[in-house]
Amino acid sequence: MSENIHSHRILILDFGSQYTQLIARRVREIGVYCEIYPFDMSEADIREFNPKGVILAGGPESVTELGSPRAPECLFNMDLPLLGICYGMQTMAEQMGGKVAGSNVREFGYAQVKIERSEDGLFENIKDHVAEDGKPLLDVWMSHGDKVVALPEGFVISASTPSAPIAAMQHESKPWFGVQFHPEVTHTLQGRRMLERFLVNICGCKQLWTPGRIIEDAITQVRNQVGQDKVLLGLSGGVDSSVVAALLHRAIGDQLTCVFVDNGLLRLHEGDQVMDMFAKNMGIKVVRANAQDQFLSKLAGENDPERKRKIIGHTFIEVFDAEAAKIKDVKWLAQGTIYPDVIESAAAKTGKAHVIKSHHNVGGLPEDMEMQLVEPLRELFKDEVRKIGLELGLPYDMVYRHPFPGPGLGVRILGEVKKEYADILREADAIFIEELHRAELYHKVSQAFAVFLPVKSVGVVGDARRYEYVIALRAVETIDFMTARWAHLPYELLEKISNRIINEISGVSRVVYDVSSKPPATIEWE
């Protein structure tokens, strides 16, 4: 019997930092399972979770302010390895008798720390440069206003900068560590090695969390959960539902039926590609509901983006329900819920990130649906879902395809949605994406798409003036989709794409490129 992949686990306590999920992703990339819980987790819950070690993440507040978050006191009596990052280090120092003060120099961005103690800690055999006095130097990323100004009893300084003499600390006899910088961001060049030292050498975790083992574990869980029952999955062609389809098919074969709703708002040939991939190549039972007319007639005359989204959502449920009703004795509904959905859903209910196991319904499902949920990806981050997709044999270009909104082209056609507009947009978008692939830039940008503007602009063909529609192109670069900058594509490429769209698609006289960053603009136009 292979070892339980959840048995060597790390607990991450969240103090509200934007980097908390990134810490969890880094821990898992190293091959160790972890979960995120709020900072005020009870002692009973911590003991039940039974971690090999605890990471106290960062947070936006100041330890010096009354009522700011604190780590559970029980942690300091449990003999568990602890790693405090940024705010996590500060609250650890303060709670154990050290002192934290506001700094008159905010450290934000790149910094160099000098290693004062490297043996038996996070920094053993790790360096980027060597200082004049022979001590190792590390390139790191800082983001803090406060700093630790007096060590708690039993701690020593392990790294320093000129403006933060206590940039890292460690206990002389216990496996407790604090760093003022962020090892989880790529700007801290040796960050992964530091985390690996903490997880593997200090906490003693085995690196069991790998795509192959995750798939084995998920298959076992699904088989135990659904037995011989039938399972229904709404297949969109997006990454999450595609990976769920491949995973469930491997686990339960013909007990799975997928319903693919073609709403007329998909990308060029997307419906046929989904059917070829899943029904033809993989032998999965897929029912295709051709509901283009239904969607377009309900959207007729509607200009408001929010109402368009709602109409598309409600119509999807109507069509899906009608197809589901034709399939007898289905007990389970599969969903592509992933871990960030679970965290966000819990945070919306409680004001903070919460537990994986609490029941999470992504919303939009009818109240009277008498099916139970099976969500095989609910423990996984998006990058893990992609790796599992590749491991299951899905093509790279499908797994690493850019995000596509749920309402599809419905929110990339400004104002009213018409079949004519959708057809023009599909062709324009396909040319844009094809040329990005040809220039080997598709996977270098995070998202790229065309937008249909329902305004007519004057153009000249031969000697004749003509008034035709405008296409906007949007391409962005981002790490987390919370902020994004417009992609600086080569002018020659933009010229080529523009010429092709105007010459090959009747009805378009002008192409523009969107140079807005997020914020203030959003990535999608609607």
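Using the three backbone atoms N, Cα and C, a Cβ is placed for every residue, glycine included.
Annotated active site, nucleophile per Swiss-Prot: CYS86, in sequence order, evidence recorded as sequence analysis. Per Swiss-Prot, the feature active site maps to HIS182, GLU184. The ATP binding site annotation in Swiss-Prot covers SER236, GLY237, GLY238, VAL239, ASP240, SER241, SER242 and is backed by sequence analysis. What Swiss-Prot records for 9-208 is domain 'Glutamine amidotransferase type-1'. Residues or ranges marked as domain 'GMPS ATP-PPase' by Swiss-Prot: 209-401.
Feature annotations (Swiss-Prot) mapped to structure.
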residue	record	CB count, 10 Å
CYS86	active site, nucleophile	24
HIS182	active site	23
GLU184	active site	25
SER236	ATP binding site	22
GLY237	ATP binding site	21
GLY238	ATP binding site	16
VAL239	ATP binding site	23
ASP240	ATP binding site	19
SER241	ATP binding site	21
SER242	ATP binding site	25
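The shortest Cα-Cα distance between the residue listed as 'active site, nucleophile' and any of the recorded positions HIS182, GLU184, SER236, VAL239, ASP240 is the one to HIS182. Taking the Cα atom of each, SER236 (ATP binding site) and HIS182 (active site) are about 37 angstrom apart. Averaged over the domain 'GMPS ATP-PPase' (209-401), the predicted model reaches a pLDDT of 89.
Residue pair GLY237 (ATP binding site) / HIS182 (active site) shows a Cα separation of 36 Å. In three-state terms derived from DSSP, SER236 (ATP binding site) belongs to neither a helical nor a strand segment and is classed as coil. Same-chain neighbours of the ATP site beyond SER236, GLY237, GLY238, VAL239, ASP240, SER241, SER242, judged by a C-beta within 8 angstroms of the site's C-beta center, are, in sequence order, LEU235, VAL243, VAL244, GLY336.
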